[in-house]
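To start, the structure itself, in structure tokens.
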Amino acid sequence: MNKKLEALFRENVKGKVALITGASSGIGLTIAKRIAAAGAHVLLVARTQETLEEVKAAIEQQGGQASIFPCDLTDMNAIDQLSQQIMASVDHVDFLINNAGRSIRRAVHESFDRFHDFERTMQLNYFGAVRLVLNLLPHMIKRKNGQIINISSIGVLANATRFSAYVASKAALDAFSRCLSAEVLKHKISITSIYMPLVRTPMIAPTKIYKYVPTLSPEEAADLIVYAIVKRPKRIATHLGRLASITYAIAPDINNILMSIGFNLFPSSTAALGEQEKLNLLQRAYARLFPGEHW
């Protein structure tokens, strides 16, 4: 992160209020600390109160300001109560960062009797995020100011195999946000989607092969959010994400072939790799050819 961008970031967030979901670990934890260190009041949302209290204590130890709001973001009534608690605690929210998410790595042919995978992924990644937006948006409209940042996925651009439930939920939020963006433009509210590549967080830990593929660190992912806050673009993607989007737009069959090769190259479970759970040379080469992609 260059010094000029960092200075602009501090200028943009100092004295502001930022609500971050999924703030107890990974990207959410990292960006919460970063925003608090820049002088904002961070509102931390996640399921577990004890973990949130630890994050709050760490932020306050560094001189930052944080408030915690434990909430199950798959429960719509709980989100309504959360929203009421937040607006009773602070009079506005300047930044809403929809970071909380659930990912499922499972091929469609392995999901014939697992419709609940699609339901629970949509419940958190789409319905939970939309419910929170609908609750907070009237206050942003009234103030004619605000930014909503959605942590999406490179899989939305590349059509990642084995992630149909996850990608569909992120794509739904993406489509909702594109429609909303035009509606709130006159109210000076901006909406940014960040198509994150794989990030080394607890969410990807169960997939052991991801130990051996290129990923971003949570700090690098936080840099993208910092850029989003400063520049307020409609979308942010890596070079691979943009290339995947262009390829699918002008040559969808090529995109299909490349994703199919990856689908057949990588196993559905680490058990198929044996006890060492390592990638062979061909798998490593393909993973490096498409850095940050979900396989």
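Placed from the backbone N, Cα and C atoms, the Cβ positions cover glycine too.
Listed features, source Swiss-Prot:
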| type | residues | note |
| --- | --- | --- |
| ACT_SITE | Y166 | active site, proton acceptor |
| BINDING | T21, G22, A23, S24, S25, G26, I27, G28 | NADP(+) binding site |
| BINDING | S153 | substrate binding site |
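Here the features listed in Swiss-Prot are painted onto the structure.
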residue : record                 : contacts (Cβ under 8 Å, 6+ apart)
T21     : NADP(+) binding site   : G28, V45, A46, L73, I97, N98, N99, A100, G128, A129, L132
G22     : NADP(+) binding site   : G28, V45, A46, N99, A100, G101
A23     : NADP(+) binding site   : L29, A32, V42, L44, V45, A46, L52, V55, N99
S24     : NADP(+) binding site   : L44, A46, R47, T48, T51, L52, V55
S25     : NADP(+) binding site   : A46, T51, T201, P202
I27     : NADP(+) binding site   : N99, I151, M196, V199, T201, P218, A221, A222, I225
S153    : substrate binding site : A160, F163, Y166, V167, K170, Y195, M196, H294
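S153 (substrate binding site) falls within a strand when secondary structure is assigned with DSSP.
Take the CB of Y166 (active site, proton acceptor) and look out to 10 A: across all protein chains shown you find 26 other CB atoms. When other Cβ atoms within 10 Å of the Cβ of G28 (NADP(+) binding site) are tallied across all protein chains shown, the result is 28.
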